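Residues or ranges marked as compositional bias 'Polar residues' in TrEMBL: 1-12. Sequence annotations record features per position, and here TrEMBL assigns region 'Disordered' to 1-24. Residues annotated as repeat 'Solcar' in TrEMBL: 33-120, 127-212, 224-314.
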């Protein structure tokens, strides 16, 4: 009876239940992560990717260099044999120090800018491929500003046999003294023009492939997310690599001119460099290194995306974010 007597008191206007916080009232970082966590995840992914695939990148650089450089054949096997014969196994890893210095910071910028732009442009729509492509372009413009100088140093060291440069610091000093600071960014315009479509194709293909794979088997998407990211990344990397090979050849010419017997360019305009390549090697010269470039970017993208998403997952668990059955 006492219970019945007191029950009405809980329904008076003077006694209201304590309001529970609404999910929309809480500001949650994109994917449950902070900006600095995207940067660390991207830095780890980029470093692992480029270090693992560096020998293939060295072969590609040798194949794309024109002039009186040791390698004149477009064949991958011939290129590998030439490097091994002249410098041994260590020749495949010349310049890896420059890559180590540049890849981490550049990819930290790359992925963090991409995630911020994706959140802004997509409006939360995971099917917005245009937003993914545009976000990728913004990401590459920012990251290339960080990576281009070390990429130039890396490629010069890849072509040299130790006579031109003794290492990263020696290369930086000599380039500054002999060519000036502008030499570090001689290929920036070309790099951006190459990487903008590369990244647009890459991210749009990656996001679309990832969604398609999840839709095929949504019940196992969470368990197989590493395979999903690796497969989507490999397809995206290979597609983007083939499409942008001609501009990559132009970039190599700009960065390696005057090194290892390679000709000094009279003009650094993209059209003029392209004409020079066609005059020397025909139109096939614009596709030099497309096979090792594709062989580089397919597994590299698979490694990069799976590593990046694994690092994101680690931070999400660290932040106490619940894991869902879908992949973001």
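In case you wondered, yes, glycine gets a Cβ from its N, Cα and C as well.
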Counts of helix, strand and coil residues, the repeat 'Solcar' (33-120), according to DSSP: 71 helix, 0 strand, 17 coil
The repeat 'Solcar' (224-314) - residue tally per DSSP class, helix then strand then coil: 73 helix, 0 strand, 18 coil
Secondary structure composition of the repeat 'Solcar' (127-212) [DSSP: H/G/I, E/B, coil]: 72 helix, 0 strand, 14 coil
Per-residue pLDDT averaged over the repeat 'Solcar' (224-314), given as an integer: 85
